[in-house]
């Protein structure tokens, strides 16, 4: 389904809902249902807002209440105390939410070593600060909260309940539409890669900082807008009611329950949880509400971490087949209200979906591969790109030029004044004992770490100080010693990511076609539709290589790409490396197996305790007494 | 003088923050479980002390004889469940958030949302103070500091000096390698979870000595205690102790010199600043990579 088609259906559904709501009395729908529906829509906005950052990119926020609060207070202060018109104050509410998100993100995501848990706790602090700020500045809300005037609106809308329903519906449509568009866009693919493995995403060229900032600002704007509408609905604002931990609890439960990686997940979750809460209140069981919600959260994280929506979608007929008869049966029996019937039918469908999935876990858990294989190309037809005539080493043009490189970790000097150049068509073997600085050098070349001193130029462009994704765009690609695939994407899409975010960039369909070629180069085409979890170590290493060459680098850094492989696999991997080299890519390979390097490398560079001690022809270097000493230790007389 | 008085008595409250942070910090640092339910255990510890003191009229400190073993079992049970379902880091944050909700709601059902406090007659520590010249130090807070020094100093020594402590630190760094060297993480985990429960019992008891108790308190502790854990360095008990004292003194001075309502504002701004400048914690040495 294309983005446009999805958005069209979304708007259609919203218009239908709006018409239904407008004629609710003539249709015999209880006015009370309109109030409940407005509530559901408010939570759809909040859960969707939360999901755009926390679900797609995996940065969990406990700070949703901050957006709700700042939006609500924008309306309370501007309209309630200064008489500004509602449309203006509501828009300002959304803008302030975006601004708050911008500040939070600028602080949080600038921290290089920020871990997800720290982000979660940092966001936890934001609502506390805002609530304290409101309490300090009594003149913001007059000390006891602010009441709001009833908005003026044209008669054809109906009464106030209709107005607020329509406003919430419009905002929810905007929120869900945004989430849908983001999910289907480059941004969404990038956020998904950040969720799976942020380091790998960045070195493949995903501008992770910018993407996270866009996501958090969208999230803040939608959250603030929803908060502003909440103030209009409630007609009063108090710090205790908007800056409460119930807000993050609700949105997290809704998104986890519904599913975090699809736009529809939070919608399903918000509808279910809100109706459930309402039902509990109606049964005078509201004190059990939070206990049940807490329990649902625990059970779902343990039993169905991918959420309900995925389960329901994997078996749509079963879901509909349970939901519709149960709903019809309960309504026709006449013993239940429509709402009760709806709730019980939802519970029945959910229970069946979860239980069936528990019984047959394998069948439904990977709905993706079959679809992608169908969309991808038949593997057998395509062959590797025609090998170019093996390029001859040409040291006239330096693809990598490193001078005076120093890197300190605390008091330890991992690299000491290393200078090195790699020319077109070379395969340079980088060897040295453990701890000699090989991986540090790879990290500096790929931009993952900044040097303490010295210069690096890739293909003539200085890279020191560039973000890793910019370094990647100068023409460096790397593999990791421990493969870091994107776990939620198929093998084909892992490679397609690298094409999409590589130097030339491409749309997803074009990227998938190119990815199939790269998979053929490493002979993994038969596994294109699998998830990385199904691959063995050797295949994952090959996937790392396919992903790296898909970025169309001029120089490829292979960090111990042969570690842990058996002899047959090593021969296979060596053949792949040769093919990559014949495709015109220069290679720097970190490797301990000197036998392999002896065959493969055109040159060998030796590091010992951070110092470059030899650089030259394999045969010469490997017989150099200093090198032998570094490897085997000084011979004691 | 008021500032000195405030700083000192604030630092003593900081002893309580440190006690609350201890269990959280250790399970996060060694077992990679961010156990929000710990706040619920502290709450239950406080209520148990209140309940037993009211029912039997015993010294509040003696209630630890019941509440500490009880919460040891609960803490170990929680850790067993986290381990059984392989719940760490993010998921532990979510799961324990759900558990915390449940504990708080159940506490509300049992003890109502009203403020409870230990009857003055049964609480010899509640109102008395130690006078050093012009400075008055409430006894209940001295108790908090005493327990904090005892538990966290002791815990630090155990982690640094004993085989089990080294095993735990090894486990924290690399589970697989530690396991292959014969470290039984399950048993160690149960003990650590249980001891975290004991620290919650102590923190709850100390809280009940000097404060009224209500379920909503569990949320109010959130911010400050996490600040202490992060500033102290995750898993670093001595760091948490210093961070607790510092945070307590800092908030109290702000409250006295400025306005009590500024306290959370300034405190959280300070935390964010600290996170930006030293995300690894104030009291951790920068590890050489």
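Each Cβ is built from the backbone N, Cα and C atoms, and glycine gets one as well.
Bear in mind that TrEMBL entries carry predicted annotations, made automatically and left uncurated.
Here the transmembrane segment (B:6-26) has long-range neighbours at 34-35, 38-39, 41-42, 75, 135-138, 141-142, 144-149, 151-152, 155, 159, 192, 195-197, 199-200, 202-203, 206-207, 221, 224-226, 228-229, 232, 234-237, 240-241, 243-253, 255-257, meaning same-chain residues at least 6 beyond its ends whose C-beta is under 8 angstroms from one of its own. The transmembrane segment annotation in TrEMBL covers B:6-26 (among others).
Residues or ranges marked as transmembrane segment in TrEMBL: B:33-50 (among others).
According to TrEMBL, the transmembrane segment annotation covers B:62-81 (among others). For the transmembrane segment (B:62-81), the list of distant contacts is 23, 27, 31, 33, 35, 37, 41, 44-45, 48-49, 52-53, 87, 99, 189-198, 200-202, 204-205: same-chain residues at least six beyond its ends, Cβ to Cβ under 8 Å.
Residues or ranges marked as transmembrane segment by TrEMBL: B:93-112 (among others).
Distant neighbours of the transmembrane segment (B:132-159): 1, 4-5, 8-9, 11-13, 15-16, 18-19, 22, 26, 61, 125-126, 165, 168-169, 195, 199, 202, 206, 209-210, 237-238, 240-241, 244; these residues of the same chain sit at least 6 beyond its ends, with a Cβ under 8 Å from one of its Cβ atoms. Sequence annotations record features per position, and here TrEMBL assigns transmembrane segment to B:132-159 (among others).
TrEMBL lists B:188-210 (among others) with the feature transmembrane segment. Cβ atoms under 8 Å from those of the transmembrane segment (B:188-210) belong to residues 16, 19-20, 22-24, 26-27, 30-31, 35, 38, 41-50, 53, 60-61, 63-64, 67-68, 70-80, 82-83, 117-118, 123, 125-126, 138, 140-141, 143-144, 147, 151, 155, 164, 167-168, 171, 217 of the same chain, restricted to positions at least 6 beyond its ends.
Under the heading transmembrane segment, TrEMBL lists B:264-283 (among others).
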